[in-house]
Each structure stands twice: as C-alpha cells, then as structure tokens.
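Asker: Below, the features straight out of Swiss-Prot:
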ACT_SITE  171  active site, proton acceptor
BINDING   30-55  NADP(+) binding site
BINDING   157  substrate binding site
C-alpha cells in the first residue's frame, strides 16, 4: 500500500510529459514551410488544430495531404484585431478551449536601407511584430479567462540578435521585436501559468530562401558563407524544429518561459 501511495505522488518523468494529446493549438502561417511541418507533427502527436493562413488552396492541400481533415480552418492572416479574434474564435468554436499558440506567420523584404521603400519596411514590421502582437492579444484574453495556463510560441530568427549586411534593415529589427515581445509577455503572464517563448532558427529551406539553394552566383556565395559558420555544416530542414515545438507546447517545458531558443546548428556559438 505504501509503495502504491508513493507511486501516485511521484510525477510522471517519462515521455508523457511531452504529450500534446488533445491540446487545442492554433497555428498561424500554417501554409508556410515551418507551419506545414508543425501542423503535420502536432496532428500526428494527437493535438487538436486550428490552422490559419491567407492561402485557401494551401490550407486545403495541407488538410487533405496530412490527413487532418478534422482541423478547424481559418483563411486569413493576422492583419487586424478582427482577423486575430477570428482565429481564436475558430479554435473555441471547434474545441471549446485554447491550450497553445504557434505564431509562424511573417514576412521579409531584402534591400539596402537607402533603396527600401517605407511601405516595404512597414509591411515587414506589420507581419512580424504587429501580427504577432495581435494574435497574442486575442489568444491571451482567452488563456487568462480560462485560468489554466497555456503556451505561446513565436517564430523568430537568429537575426533577432544579429545584424546582416545583406539588406535586412527591416527583418532584423522586426525579429528583435519578436524576441522582446516573447520576453515581455512571459513576464506579464507568468503569474497566470502562461508561458511565452521565441523559437529562433537560422536559414532553412523554404520558398523565401529558395534563391540561396540555386547555382546563381549570389545564392552560391551566400550559401557557402553561411555554411562556413554553421558547425554542423548543413542547413536546417523544417523537420528539424519539430522536437523543439513539441517540447515548448507540452508540459515538459512547464518551467521554461521568456526565452529565445536558438535552433541554428551552432551558428550563434561562433
């Protein structure tokens, strides 16, 4: 009897801590490279998903191709508070609650600062900072009202902490803003058991970075320079981020908040 009582008091320290089974998770930017992989992985792990994105055809392809036709789908980007609220309400309408959020939506525009249009700068800041802020505002109200904690993950970049000579005067500051938004909300919501972290990858293959993987001289030069600084001597694939995502959205990371998790093959170690 004493052994049984002791066993009941000891918390589960195995793989059950990493479970996202039946958690209601909202993914914005679900049709992007990272969003698609996250959706498939979380669905395989038993999460209940709400997928948001501006590409209706891409959402349909994701849902059908990944076999997650029970997901709630919202065709919009977080361009306004109404859009963000629509995403959150879709999760509540389908599952009755919200447990986690992955903000994988974002944008970039590469140009020297002397040639970049103000409108292009604004578009990057709106997509990467304002959009994340809007989603956090809408989701945070629900998480606070539920009173049962939760986890929010903002997709950032190693460029949030590093400059770049290749025309990133909009992107780098926007990702620094993403990092500080995560830290600020972690401090603001910590007393309510809501964790907020940023996930900061280096370059990985996607529609945005495809130019780097061509035989174009600029692409080849950029690729070789990047690889020379990555100790693992390879670029990431979206699948490399699955383990970190599941960790951050599961109870395994219950004491991890306000952090920028670098997934960069050692890039920032050099």
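Here the Cβ of each residue, glycine as well, is placed from N, Cα and C on the backbone.
So where do these features actually land, and what's packed around them?
Answerer: Non-local contacts of residue 171 (active site, proton acceptor) by the CB criterion (under 8 A, 6+ apart in sequence, same chain) comprise 108, 109, 110, 124, 128, 157, 159, 164.
Shown in sequence order, 20, 25, 27, 49, 245, 246, 249 are the residues of the chain, 6+ apart in sequence, with a C-beta less than 8 angstroms from the C-beta of residue 42 (NADP(+) binding site).
Of all the Cβ atoms in the protein chains shown, 28 others lie within 10 Å of the Cβ of residue 157 (substrate binding site).
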Asker: Which one, from the binding-site residues 46, 54, has the smallest tally of other C-beta atoms lying within 10 Å of its C-beta?
Answerer: 46
Asker: Where does residue 34 (NADP(+) binding site) sit by DSSP, helix, strand or coil?
Answerer: helix
Asker: For residue 50 (NADP(+) binding site), what is the secondary structure state per DSSP, taken as helix, strand or coil?
Answerer: strand
Asker: To which of the binding-site residues 30, 34, 38 does the lowest count of other Cβ atoms within 10 Å belong?
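Answerer: Fewest other Cβ atoms within 10 Å, among the binding-site residues 30, 34, 38, is found for 34.
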